[in-house]
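A.B. asks: The structure is given below, and queries will be raised subsequently.
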Ligand code: IPE
Ligand code: IPE
Ligand code: MG
């Protein structure tokens, strides 16, 4: 019997030496997946949670260093109360059933976003998952939870302004690195910027995700709804990434 790991590296088109270090995913299409099955939207979120587990393991097996998943945006509070409540319960269920597997795979949980607005039990589940996996040295599973990039940038600007006001920082010394260091992705250090950004469900927009960090990310859009996404789909996106020429403003061969 082949292990899952062997299955995943089996695709001859995939260059296992050139796996993107940081993959970010806008997990979209849960509601439409459910509606297509005449199910309530929350059934899509439930199935989407299973996909998070599958894709986390697939990414970890492939040697991805950071997997950032957009789970709840600062704009998602606009949804009906019952849907928001369901989404707020999901991290509790997710971590309760999945933290032992994460530890077994040496995966460390981190979070970007203002979790202080989440219900107490959700905050606790998130904090426990961060603590319980804090010694893991493998892939970082980074959830964007109550995250919005404009909110992130406003907070960074406020914090930089305060440092200037108190004399800790001179405006002349503000660099791109200063800005990066004040964003919610700063704990990721040199891995803060995604190499590959994937959005599922056919929508081709950013929806307030990682505006600063995606300056030179490669984008892959797929029509697949998030609950149908899997390890094979992840490999397909990585193969597409591997066919791109990243120039960062320079020329192809320099
Ligand atoms: C993504 O699926 C999950 C979240 C935004 C929380 P959606 O719930 O946006 O699904 P669609 O886009 O309505 O199909
Ligand atoms: C983006 O999806 C947010 C998450 C995936 C968490 P949305 O479904 O909220 O985005 P829009 O409203 O289609 O732009
Ligand atoms: Mg959506």
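Any Cβ shown, glycine's included, is placed from N, Cα and C.
Since this is a predicted model, take the numbers as computed values, not measurements.
Features from TrEMBL:
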BINDING   28, 218  Mg(2+) binding site
ACT_SITE  28  active site
BINDING   29-33, 41, 45, 73-75, 77, 79, 199, 205-207  substrate binding site
ACT_SITE  76  active site, proton acceptor
A.B. asks: According to DSSP, does residue 199 (substrate binding site) fall in a helix, a strand, or coil?
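C.D. replies: Note: residue 199 (substrate binding site) is in a strand by DSSP.
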A.B. asks: How long is the line from the C-alpha of residue 74 (substrate binding site) to the C-alpha of residue 28 (Mg(2+) binding site), rounded to the nearest angstrom?
C.D. replies: 15
A.B. asks: State the Cα to Cα distance, in Å, between residue 199 (substrate binding site) and residue 28 (Mg(2+) binding site), rounded to an integer.
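C.D. replies: Between the alpha carbons of residue 199 (substrate binding site) and residue 28 (Mg(2+) binding site) there are 7 Å.
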A.B. asks: Measure from each Cβ of the binding-site residues 29, 74, 206 to the atoms of ligand 1 and list the residues where some distance is under 6 Å.
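C.D. replies: By the Cβ criterion, which requires under 6 Å to ligand 1, the hits are 29.
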A.B. asks: Where the distance is taken from Cα to Cα, which of the binding-site residues 31, 33, 218 turns out closest to residue 76 (active site, proton acceptor)?
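C.D. replies: Among 31, 33, 218, 31.
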A.B. asks: Compile a sequence-ordered list of residues in the same chain as residue 28 (Mg(2+) binding site), six or more apart from it, whose Cβ lies below 8 A from its Cβ; state 'none' when nothing qualifies.
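C.D. replies: Once residues fewer than 6 apart are set aside, residue 28 (Mg(2+) binding site) is near 199, 200, 201, 203, 207, 225, 226.
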